[in-house]
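Asks: Just dropping this structure here.
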């Protein structure tokens, strides 16, 4: 990035909250363009409600609405939902508003996009005096909505609904309130963010405390706070250094390389260093008395603290509580803030002076993000509308399962054939049936050590199911009460398979057939 972008007159930046009574700052006048931008953002990035972590939250929401679901595998479904108000809030809305479940997911996701852009624009209004900069910052945040935050396995915003879809706008609103010195509003937004996503709420509180001290020009105190946070991480690592680590939990934890900074590639580490360097330069160039300067310095302090804590105290040889806290998640907020500020710089120095180069930058960004979105979801429809039949053969099979199998059915599938790609739908969420092996269970087990003792034997029992005989399948799965199988269409079986397509064969376990095959 050309660092000349950051060399600007500090008069271009806000040093205090803008007067919202002024006509140019009237928020109500901005709602229509923000709504249009949110609609365009939704169309650009798509919608995949049953993908990745979205499937975890959807299954938790389904179980909150109907507790009879997922009885055999409730531990995996309840892992996230019991720690957050997210599922309970949406379940309450679904029940009392009588909204169809899929429509509720779609509407809430659309609201989350609008809330994110609204909060981004409010932040841009606190950072820049120029309307070009304000709208350019909001526009870049919209275009880069699904951009990864370094190699943390987090996107700025996911193309599906999770608790972070709602906590991220609240995070931005809390930061805006902090810049405004509106402590009551900041506290309310922070409490709501913590209630929806406690882990992200922890890092929001740390960031706000740092920003508050910088707001009061207490730079040494802010450094002391970051030093105390670093020592606290060391204390947590020291206290938990002798905690027992089971082989299954170690395996689950080590499967997630993003937990351990020591296992990142050099280009992934660059995704941590580059934003901090650019923000340090921006803080100096814009002036430490401006809102932009204070915000950049807060990002540098919290980001550097996270990097040092992860490097010093989070190691693959002993996965512990600090690993599960994922200290590098603080970079999610840094990336979101960085997009708004970078977009503002582009508006100040390109769009305001040369429109065509600015449009070219925008087109390149849109094309790059559109290509990345398509590469992540090559099989599924770009927007998975609730009323349309899915194009993915796996999703078609899962919908058949939901419509034609008993609610108490328990499924198993070959654990070696399951790949956690973005385009792989979650079985539980789509089929509303229990399974020994959903695509995200390994990741859930890495966060909850007690679940690893359940996940490991389940995974072992399903290893190589596609290559086994029916008798071997029955013998392995009988202790777990499995009644149905998801096999490869090429798998050999005498079981009845009432549904089969290019991706999945749905087969019912028949003990008589297995006995005959054994003979």
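Quick reminder: no glycine exception, Cβ is built from N, Cα and C everywhere.
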Asks: Check each of the ranges 80-102, 103-125, 241-263 against TrEMBL and return the one annotated as transmembrane segment.
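Replies: It is 103-125 that TrEMBL annotates as transmembrane segment.
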Asks: Among 32-52, 53-73, 137-157, indicate the range for which TrEMBL gives the feature transmembrane segment.
Replies: 137-157
Asks: Taking 169-188, 269-288, 389-408 as the choices, which stretch does TrEMBL tie to transmembrane segment?
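Replies: It is 269-288 that TrEMBL annotates as transmembrane segment.
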